[in-house]
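Notes to accompany the following structure.
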Amino acid sequence: MSSVYPVSRPRRLRRTPALRSLFQETEVQLSSLVLPIFVEEEVSDYVPVSAMPGVVRIPEARLAFEIERYAKAGIQFVMTFGISHHLDEAGSDTWHENGLVARMARICKETVPEMIVMSDTCFCEYTTHGHCGVVHDNGVDNDATLVNLGRQAVVVARAGADFIAPSAAMDGQVQAIRAALDGAGFTDTAIMAYSTKFASAFYGPFREAGGTALKGNRKSYQMNPMNRREAIRESLLDEQEGADALMVKPAGAFLDTIRDIREATHLPLAAYQVSGEYAMIKFAAAAGAIDERQIVRETLGAIKRAGADIILSYFAMDIAEQGF
Ligand code: PBG
């Protein structure tokens, strides 16, 4: 008995919309989407990000209003990025009790206590040189940066953040942050590690959105995008260090990595559809070359299908408001 054509006819299950939905294997839900937001201090107006049509920097004074608006639309998770006007060599504003990172967490949690706040934990938006840590003559000093990451994590946990999300790409950052949090009594504050973070050109538009001063590149600390085995290893190291959830970033060009890590760990896995992925879709749609909503559905679906449980996407609010 043959199980190929003409006996097998996969089209039988595609005849009607109802059948197609019955046999659909992957679903992207708003409840698994995290909205990244940009908050700028000391400005009174929204600042459009020209490289990311539809994305704005929110003036700090409007953050409470925006968080309420997101919550009403059904957004439950945000990742906060600050645009600081208080830069220094080390990014010390990030570990001041009343610095921008802490204020963002406090405002979000005071406005909508149920909103889960993930705090991007890095220094690049708070340093004069734009690197993700302490810079010495021979580059970014890993271990000095770990101390500062621990300080920032404790301050932002005290301000109410639910998740510390270290994106500095320092070795040992998860362990250092876990130890600092536990030492200060924040045993329930979770860590979502940017565990496999590639040195990617897909972050291009973020440089404008986040206003970083970086002149060079981050290749001495972020990963080479050509490395498959190392990508798995990086995430497994963060698991051993105590991460509660892992992440692959960027997402769309690294679906193989998402799948590899999904199969190598039982931890929850996030993937970040980054600024360049967003911009490519927005500009192509604006040029009439593609259908934005279908492309968003397809790209997020692919990320989910590859094995991500959670997706960070600048499209999250559009999806909340318009559905899929
Ligand atoms: C901070 C950070 C970056 C992004 C998230 N966290 C920039 C970078 O690493 O260069 C990029 C996000 C995006 O492109 O959407 N280190």
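Each Cβ is built from the backbone N, Cα and C atoms, and glycine gets one as well.
If you check TrEMBL, you get these features:
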- LYS197: active site, schiff-base intermediate with substrate (ACT_SITE)
- LYS249: active site, schiff-base intermediate with substrate (ACT_SITE)
- CYS122, CYS124, CYS132: Zn(2+) binding site (BINDING)
- ARG207, ARG218: 5-aminolevulinate 1 binding site (BINDING)
- GLU234: Mg(2+) binding site (BINDING)
- SER275, TYR314: 5-aminolevulinate 2 binding site (BINDING)
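Feature map: annotations from TrEMBL on the structure.
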residue	record	Cβ contacts under 8 Å, 6 or more apart
CYS122	Zn(2+) binding site	CYS132, PRO166, SER167, ALA168
CYS124	Zn(2+) binding site	GLY91, GLY130, HIS131, CYS132, ALA168, GLY210, THR212, LEU214
LYS197	active site, schiff-base intermediate with substrate	SER167, ALA169, GLN222, MET223, GLU234, MET247, LYS249
ARG207	5-aminolevulinate 1 binding site	LEU214
ARG218	5-aminolevulinate 1 binding site	HIS131, CYS132, ALA169, ALA199
SER275	5-aminolevulinate 2 binding site	ALA51, MET52, PHE202, TYR203, GLY204, PRO205, PHE206, ALA209, TYR314
Query raised in the report: Tell me, how many other CB atoms lie within 10 A of the CB of LYS249 (active site, schiff-base intermediate with substrate), whichever protein chain they belong to?
Result: 24
Query raised in the report: Hey, for the Zn(2+) site built from CYS122, CYS124, CYS132, who else sits with CB inside 8 A of the CB center?
Result: GLY91, PHE123, GLU125, THR127, HIS131, GLY133, SER167, ALA168, THR212
Query raised in the report: If H, G and I count as helix, E and B as strand, and all else as coil, what does DSSP give for ARG207 (5-aminolevulinate 1 binding site)?
Result: helix
Query raised in the report: With respect to ligand 1, which members of the recorded positions CYS132, LYS197, GLU234, LYS249, SER275 satisfy a Cβ distance under 6 angstroms to one of its atoms?
Result: CYS132, SER275
